[in-house]
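**Q** Pasting a structure here, questions to come.
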Amino acid sequence: MSWLSLTFRIGSDYVDLVGDRLLERGALSVDVHDAGEGTSQEQPLFGEPGAPLDQFWQQAEVTVLLEENANIDEIIQGVAEVIGLPALPEYQLAQVMEQDWVRLTQAQFEPIRISSRLWVVPSWHEPPDPAAISLRLDPGLAFGTGSHPTTRLCLTWLDQFLQPGDSVLDYGCGSGILAIAALKFGADRVTGMDIDPNAITASLDNARNNFCDPDRLLFTTVLPPLVEDDRASAEWAPVTIVVANILANPLIMLAPVLMKALQPGGRIVLSGILETQADEVLQVYSEWFDMHIAAKEQGWVLLAGQKSGGGFA
């Protein structure tokens, strides 16, 4: 079995109209992305939370998946009519062959070496180093497989600085990778928090796959004092380490919350921050922490700091 793939470029103003016309004509799927992707002309479509939303690309590349017997001439003419041209000036047509898509997807994910003693290993691979710590993690609904620089930065920091007996809050836990790693590195208790229920589901699945002790690892969508469960509330005593790998704007807004979650003298680790955003985040957190840039990778930074002594006002 095979399909046809039709690719062409149009102005972004026509994307919705063209997409509707293609689906009406029997398209199986319509994929739209920035025609300048990967070049100096690439334009962001969405900013991070708190950023302006009026960011759009000017040229869109559209890829349509069609049945093998689709009437290509009729479909191309329909697109040309929508954009007001007698014909599409340029397009590419290709055949898409049936493949083992699961195996093809799995082949894209190899074990990732984070440090001399830590690997992130998909479930369909054998651990490359039986003597090392292997986090069993499959790509899924939540962010965090170890492939992104910000995740690697956080894992490397935890590997170097977490001490047995530490207590950890992973704020914005995603897949649970940082929380699970903290437990494997010897943390006494770990709490992973995320506002996305899908992230909690993924984290719980990954915790089970890594044989984590449920009495030492808690995942929740709500921060105390909203959590009324006694066990959850007990786990939310101030911790010795807070790690948050999210984005710069949410981190800025969350600074007072994360400050209260730490014991005096506790350490905070922040990532998901571009080098160009580091100074702004440092300025905000310096009100409560002795902050510095701890590491950089591919334009991303890891900020780390220690909380001053005193109360939790």
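Keep in mind that glycine also has a Cβ here, set from the backbone N, Cα and C atoms.
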**Q** For the S-adenosyl-L-methionine site that Swiss-Prot gives with Thr151, Gly172, Asp194, which of Asn210, Asn245, Asn249 also belongs there?
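**A** Site partner of Thr151, Gly172, Asp194 for S-adenosyl-L-methionine, according to Swiss-Prot: Asn245.
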**Q** What is the Cβ neighbour count of Gly172 (S-adenosyl-L-methionine binding site) at a 10 Å cut-off, with all protein chains included?
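**A** A count of 23.
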**Q** For Asn245 (S-adenosyl-L-methionine binding site), what is the secondary structure by DSSP, using just helix, strand and coil?
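**A** For Asn245 (S-adenosyl-L-methionine binding site) - judged by DSSP and reduced to three states - the answer is strand.
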**Q** Quick one: what's DSSP say for Thr151 (S-adenosyl-L-methionine binding site), helix, strand or coil?
**A** helix
**Q** How far apart, in angstrom, are the most distant Cα atoms among the S-adenosyl-L-methionine-binding residues Thr151, Gly172, Asp194, Asn245?
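**A** Farthest-apart Cα atoms in Thr151, Gly172, Asp194, Asn245 are separated by 16 Å.
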